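If you look up Swiss-Prot, you'll see Cys33-Cys63, Cys40-Cys56, Cys46-Cys64 marked as disulfide bond. The annotation signal peptide is assigned in Swiss-Prot to 1-22 on the grounds of sequence analysis.
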Amino acid sequence: MKNKAVLMLMALFLVAVTQVHGDPEPSYKARSCTAYGYFCMIPPRCRGTVVANHWCRARGHICCSSPSNVYGKNQLLAA
């Protein structure tokens, strides 16, 4: 019975801490690069401005304000 009470108190504490500090890991879509209409790519391919306050899921990629010619229509038409 004592173990059950301790577990209940621990669960209550965790709920209280989460409520005070908010969501410990915000959802990806809330601050993602592509959700705002930007593009995730490796740094050499970025032809626009690097948008620092949004992030990409892929490691080593940056959030870029405009697509590179490599990923854009020009490359597709030339192929």
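Every residue gets a Cβ built from N, Cα and C, even glycine.
Here Cys40 (disulfide bond) comes close to Cys33, Thr34, Cys56, Arg57, Ala58, His61, Ile62, Cys63, Cys64: these same-chain residues lie at least six apart in sequence, with C-beta atoms under 8 angstroms from its C-beta. Over all protein chains present, the Cβ of Cys63 (disulfide bond) has 23 other Cβ atoms lying within 10 Å.
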